[in-house]
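Take a look at the structure below.
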Amino acid sequence: MASKGPSASSSPENSSAGGPSGSSNGAGESGGQDSTFECNICLDTAKDAVISLCGHLFCWPCLHQWLETRPNRQVCPVCKAGISRDKVIPLYGRGSTGQQDPREKTPPRPQGQRPEPENRGGFQGFGFGDGGFQMSFGIGAFPFGIFATAFNINDGRPPPAVPGTPQYVDEQFLSRLFLFVALVIMFWLLIA
């Protein structure tokens, strides 16, 4: 209820004669600005208002410019959620007569539509790098990522280095060093 919405003066209860709030420029309103929406980009009255799926309101010209200047990373200017031309909904309201057609200045805002929900059946992408299911087993402070590491589940690491390269030599040295450290720790635990 903190967002600005249509004025309460347009409701049937407040439009009765005899009350000062019955007029559109009543004392309770700040210059008639309560009947408008504010764009989250230009912070002005929203022209050709659209709302994103994450719930933020913008002018269509402002949002169109935002999307055009960032074609590779289209995110909501407020919360950084994914946003695109297809993921905004136009807002229509009473008293919007006399507006200029937005197609003359920028491409038209998208039509209102209800997209079908995505069907993600089961464990789609399990272990194939799709960002699907990831598991890890553990007891107390000792995590056992045996299955996750052995089967390369959801692992985004690059392939191992080619034998004979300096990177391969460094990796082998570190591997032997950590093996030696692990053996020393295990030996210390046995004699302690």
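Using N, Cα and C of the backbone, Cβ positions are placed for all residues, glycine too.
Note on Swiss-Prot: of 47-67, 131-151, the range annotated with the feature transmembrane segment is 131-151. As a summary of secondary structure, the zinc finger (39-80) carries 10 helix, 9 strand, 23 coil according to DSSP.
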